[in-house]
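Swiss-Prot annotations:
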| type | residues | note |
| --- | --- | --- |
| BINDING | HIS522, HIS527, HIS713, ASN717, ILE861 | Fe cation binding site |
| DOMAIN | 29-160 | domain 'PLAT' |
| DOMAIN | 163-861 | domain 'Lipoxygenase' |
| REGION | 212-246 | region 'Disordered' |
Amino acid sequence: MIGQITSGLFGGPDDSKKLKGTVVMMNKNALDFTDLAGSLTDKAFEFLGQTVSFQLISSVQGDPTNGLQGKHSNPAYLENSLFTLTPLTAGSETAFGVTFDWNEEFGVPGAFIIKNTHINEFFLKSLTLEDVPNHGKVHFVCNSWVYPSFRYKSDRIFFVNQPYLPSKTPELLRKYRENELLTLRGDGTGKREAWDRIYDYDIYNDLGNPDEGKENVRTTLGGSAEYPYPRRGRTGRPPTRTDPKSESRIPLILSLDIYVPRDERFGHLKMSDFLTYALKSIVQFILPELHALFDGTPNEFDSFEDVLRLYEGGIKLPQGPLFKALTAAIPLEMIRELLRTDGEGILRFPTPLVIKDSKTAWRTDEEFAREMLAGVNPVIISRLQEFPPKSKLDPEAYGNQNSTITAEHIEDKLDGLTVDEAMNNNKLFILNHHDVLIPYLRRINTTTTKTYASRTLLFLQDNGSLKPLAIELSLPHPDGDQFGVTSKVYTPSDQGVESSIWQLAKAYVAVNDSGVHQLISHWLNTHAVIEPFVIATNRQLSVLHPIHKLLYPHFRDTMNINAMARQILINAGGVLESTVFQSKFAMEMSAVVYKDWVFPDQALPADLVKRGVAVEDSSSPHGVRLLIEDYPYAVDGLEIWSAIKSWVSDYCSFYYGSDEEILKDNELQAWWKELREVGHGDKKNEPWWPEMERPQELIDSCTTIIWIASALHAAVNFGQYPYAGYLPNRPTVSRRFMPEPGTPEYEELKKNPDKAFLKTITAQLQTLLGVSLIEILSRHTTDEIYLGQRESPEWTKDKEPLAAFDKFGKKLTDIEKQIIQRNGDNILTNRSGPVNAPYTLLFPTSEGGLTGKGIPNSVSI
């Protein structure tokens with residue numbers, strides 16, 4: 001469309017010395033929450049005249065005065081706007097004409113320099129030259145903020161959408177390519193400013209605030225053998241006054257301003273949606289708290305009906321002058337979200353999927369077990385390969401930590417099999433949180449948390465569902481760690497007080513699983529481990545590099561969401577510490593778990609085999625055979641994994657035909673070296689790192705990176721509200737131990753088991769805070785880009801990769817159809833379970849909002 005309009009306006013037979021182009025951009029005001037009325041169409045003309053200049057750089061004609069780099073064209077300036085491309089309230093994009101002087105010797109442009117002498121920054125989306133003689137259309141994908149030139153130490157340069165390996169870069173563009181990478185790396189000094197584009201590394205030394213007292217001191221994560229950690233983005237903030245090794249923090253009110261490279265910040269719609277969801281959750285959070293002030297038992301839910309009131313009914317939106325004044329003060333995008341017509345009133349929480357169909361089915365043993373395969377944390381369960389289960393903790397430090405579960409506890413529930421027979425038939429499985437928690441449990445229980453380390457044994461029934469057999473709850477020995485643990489084993493019951501005790505035992509398991517999920521499965525294994533890949537890719541791979549083009553969409557918004565997490569979620573006293581049972585030990589515990597992180601094991605087939613829930617099988621479609629056939633996460637995940645791998649293989653094979661091409665790619669080798677030695681530097685000496693010497697190693701590594709950033713994150717994130725939005729199903733904290741006979745708590749359990757249950761799990765205030773958080777995290781923003789989609793259809797000029805990407809998209813569409821078909825198959829009982837919640841977390845696409853489906857390209861929330 002742009003081409004037709006520009007040809008009509010500017011083309012003609014007499015323009016042989018002129019080259020016509022179209023610039024698409026947005027100005028700052030279009031993205032300003034407080035001044036949406038100042039739309040681009042009103043402000044566009046600020047950039048006309050000579051405030052913004054463009055100079056093309058030839059890829060074929062050198063400049064003898066400039067070290068034989070590509071020759072620059074004369075400056076060209078924006079002409080009158082041609083048209084507005086998008087609605088005003090969406091952050092308007094406007095197209096401008098631009099005319100360059102051109103001659104035959106100049107040839108094909110390979111890059112351009114832009115200079116902004118205006119006082120404001122603007123967002124440059126693209127430049128398109130519609131008809132370069134003897135070449136046709138030349139397109140530059142920009143998608144970058146351009147600040148006034150005095151903010152930069154070097155020229156802003158953008159390259160054509162033609163990928164080049166370093167050795168195949170046109171000679172006249174080579175120096176520009178190298179210099180741009182130097183600019184993005186910076187020199188490792190100084191405090192970063194809002195306009196900076198520098199990517200650099202740092203350790204997690206900014207979670208605590210020692211200037212505010214000892215209670216706000218937190219362990220530095222990364223840079224030590226004791227607490228290794230992936231690196232984060234460097235901000236360069238000064239150290240704290242009391243500890244020169246800790247980085248100072250910015251005030252909470254300025255949280256949105258925490259530094260990330262400018263183009264890593266949330267876009268207009270993403271920020272608007274994010275703030276809207278936060279506003280809704282705050283309102284929903286405050287109102288029940290106000291109501292609780294007039295309650296006889298503040299900070300306690302008195303019954304399950306009390307809990308359900310969070311979701312049912314609620315306070316309807318008021319009408320009248322006050323409401324009109326409120327809506328007048330909120331930006332238009334926020335008003336649209338706040339006044340949604342999908343049944344989500346502003347003053348109540350949406351009903352979580354787990355209680356939509358039935359208010360009680362979540363309490364069944366079948367649903368408890370099913371969520372280990374199809375819930376929000378389906379990545380922990382493993383096959384039991386020795387009985388009783390043995391601990392891997394050092395016995396010199398922790399004594400005997402082996403399980404006390406015996407055959408007598410479980411053999412009456414094995415359908416006539418012995419334990420050995422059940423194990424040999426791959427019928428026994430375990431959800432094991434024991435070894436992860438025991439080293440910290442004594443300290444955790446000095447806080448308001450009172451909990452156990454759990455092991456749960458399960459039996460695979462003939463209908464494909466899992467049946468809980470026994471739950472072991474353990475505490476550190478009261479005489480010291482070296483004496484091991486004290487443990488008690490609980491078995492299923494549906495009669496009297498024993499039934500209530502069994503429900504509590506499952507709740508303690510859910511508390512364990514919730515904390516491990518949030519800290520390990522979610523934060524550590526997706527958010528934290530992917531950030532070094534974001535940084536290294538921008539520092540070492542030019543935007544011209546084909547692997548940069550492959551991976552870049554899978555890093556969108558990750559640095560920004562992680563930076564905000566450090567500021568308000570995972571920091572000392574932050575929301576995470578306030579809502580998970582690990583409390584102030586949470587992040588330190590995740591560093592200890594990172595010691596066991598192995599990059600190749602993050603590949604889905606490798607993970608399934610390592611957990612024993614699959615075996616290698618070359619005759620199976622994905623190279624592995626599942627031992628639990630109806631394992632929704634694994635079944636859907638393997639199809640997504642294979643689609644990603646096929647796409648990555650097609651793409652990489654187009655650029656690399658031999659080992660030699662991998663080895664001589666200096667950018668690729670520098671990228672991989674920096675990832676190992678700096679980004680994940682605490683693991684630089686691990687023998688499992690791929691050597692990056694063969695195309696297959698590149699394909700496998702990129703597939704794993706994309707899997708982590710897209711499907712793995714989707715599987716462990718977007719089910720949070722559907723399953724944990726109803727806190728009794730997945731409590732995050734337990735506040736007292738299992739009641740013992742002869743105590744008042746035990747008598748209460750007999751007389752009012754529901755109240756005893758609610759007094760044991762997460763308190764009302766923590767529940768509201770936690771539910772508010774996961775509602776935000778479980779939503780898709782309206783500008784989300786999903787797996788198989790790209791921001792620009794012209795992201796590359798190479799036709800074969802474009803065709804391969806189209807094939808990838810069609811494969812994902814086929815997978816969607818297969819997921820729908822499987823969810824409709826009544827034989828597959830684990831797909832929906834007793835709560836009738838079809839498994840859609842790995843359904844590739846979604847609309848915006850709280851949908852429980854959709855795989856965004858990146859860790860973006």
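FYI, residue positions are counted from 1 along the chain as it appears here.
Cβ coordinates are placed from backbone N, Cα and C, and glycine is handled just like the others.
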Taken over the domain 'Lipoxygenase' (163-861), the model's mean pLDDT: 92
ASN717 (Fe cation binding site): tally of other CB atoms within 10 A of its CB: 23
Candidates HIS522, HIS527, HIS713: member of the binding-site residues with the richest Cβ shell (10 Å): HIS713
For ILE861 (Fe cation binding site), the number of other Cβ atoms found within 10 Å of its own Cβ: 23
Mapped DSSP class for ASN717 (Fe cation binding site), helix or strand or coil: helix
Non-site residues, in chain order, whose CB comes within 8 A of the mean position of the CB atoms of HIS522, HIS527, HIS713, ASN717, ILE861 at Fe cation: TRP523, THR526, VAL716, LEU777, VAL859
For the region 'Disordered' (212-246), residues assigned helix / strand / coil by DSSP: 4 helix, 4 strand, 27 coil
